[in-house]
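**Student:** Encoded as structure tokens, here's the structure I'll be asking about.
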């Protein structure tokens, strides 16, 4: 005989409280407890954030129970958002369940019958609550909601202001002391940028400020900066890249020719072809802005440093005027500006492809399909929910304030305006399921081998995190799926992946290889690892280092106000300063990367016991595996350290 004390708390979201009566019943495989009214006072009415111990229940030896919550409406029907109930003998995550206010199910039904009927109803309701919508042509599908207030209450942020981009940006500008720089005028020289660095206490940003123009550090960022996913091994030069042996022979320190270095695997490339033909931001009629689609040839020298050895800013097929190849041997201003153009292109690709598309938008597809197809008592739902809980909310806020027409993204970014849509549409054409599998992505870019490319900490740490997540997922899958056949027979899992393939990612090319079914446990493990890794580790790697790497404007210009140079010897410092973002755009840029790099109140492992919350309309069941040993989650794996023999900063 065991006695368990159940406590519940009301969520912190706006309108979470209720004045209706809430009843609790413990439902077991053999019997049910008495239906008990949860104690509430007239004063708090299950007020937001309130916690109360409600009753003690005696267990006669059963090891599986479900909590049934029923809400009886008074004169006014008021929903109740409940944070995670707790039992003294076990802590568990509750489920997002929608209920029929008019249901009259007999609580004495057998557990299996009750649960099956209940889950069938829940799936129908969730299909209606989580509808697909094509926000822009060619984009991944998103939630059908025009504003955050239209979202189901239990997937909204508890603190609405935490996802108010306008407020966050303005707060960032104020906190960084940038208000006085908001006027749109050019800086006089590079040292002027230090004026907006006064309040920054950041070791990495200070290191970037001191070393940004050094070639070794420029190359290092392709490995361990905020966008470490562009660099790839180059075995053959692109047709439109007019670089020759004579141009780069002075940069090759092994005494080999360019072709021999290519064959030896020592040449890498950053190719920004995706920006070719994209319309630059034209939202400000007073300031013309420009984009380029550069090639940057990188060389792994005998010291294992990655160095830039050739940059081409245009894509004509022959060398000459308009297709100049810039070299380290050129005068300092030509080479400096060429590198700035590469970093500006890299920033644009990072913002829209690496970050927005390949973490946020894809994770939202997984999240919507999960809510639509998986009952909240499904073990895979419980496995995924901590990692995608706020994805839909943050993306909705972004569409509402950040990347919408005349949104905050337009204020400082060269790909603002129609460029956002054009870049995402082009990126979708090359998006594949396998590119989301971390080991496969490394192999596809020819950067998987540690001996070939040392000091690539993004890859090394990423592989450790991938394997840790995969191992954890594998253990969970093997608990619930005894064979490959059980995976094939799980209708909810099959519906989940089909919804992702045929609905959420329907704008991907037909050869994108998103699975439309899963036949083995190994396939299920890989799929779930992709979902978790994309929403957690990958997003952390490319998001939370933005202030570190992008705060020093010359290192990553968000836009350029002069066209890319077509000849050598025509550039001076004044031209460079007139090219870089002006004071106003620099301030908006700095405020943006600061705000985006901050953790939300409920993010980064805080209050995991409160994940997720539930809206109670009338009737809900929860799995309670009593006397089950608690195991660590991927979110509790902690920060993986870096090799101690490197003094250079890392992004994540």
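Going from the start of the chain as shown, residues are counted 1 onward.
The backbone N, Cα and C atoms fix where each Cβ goes, glycine too.
Copied straight from TrEMBL:
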BINDING   39  Ca(2+) binding site
DOMAIN    132-604  domain 'Lipoxygenase'
BINDING   355, 360, 539  Fe cation binding site
**Student:** Would you mind listing, in sequence order, the residues at least six apart from residue 360 (Fe cation binding site) in the same chain with a Cβ closer than 8 Å to its Cβ?
**Tutor:** 391, 394, 395, 398, 539
**Student:** What is the total of other Cβ atoms whose distance to the Cβ of residue 355 (Fe cation binding site) is within 10 Å?
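**Tutor:** Result for residue 355 (Fe cation binding site): 20 neighbouring Cβ atoms inside 10 Å.
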**Student:** Among all protein chains shown, how many Cβ atoms are found within 10 Å of the Cβ of residue 539 (Fe cation binding site), not counting that one?
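**Tutor:** Result for residue 539 (Fe cation binding site): 19 other Cβ atoms within 10 Å.
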**Student:** Pop the mean pLDDT for the domain 'Lipoxygenase' (132-604) in here, whole number is fine.
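**Tutor:** Overall, the domain 'Lipoxygenase' (132-604) comes to a mean pLDDT of 91.
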**Student:** Using the centroid of the Cβ atoms of 355, 360, 539 as reference, list every other same-chain residue with Cβ within 8 Å of it (recorded Fe cation site), in sequence order.
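**Tutor:** Other same-chain residues near the Fe cation site: 354, 356, 358, 359, 363, 538, 542, 543.
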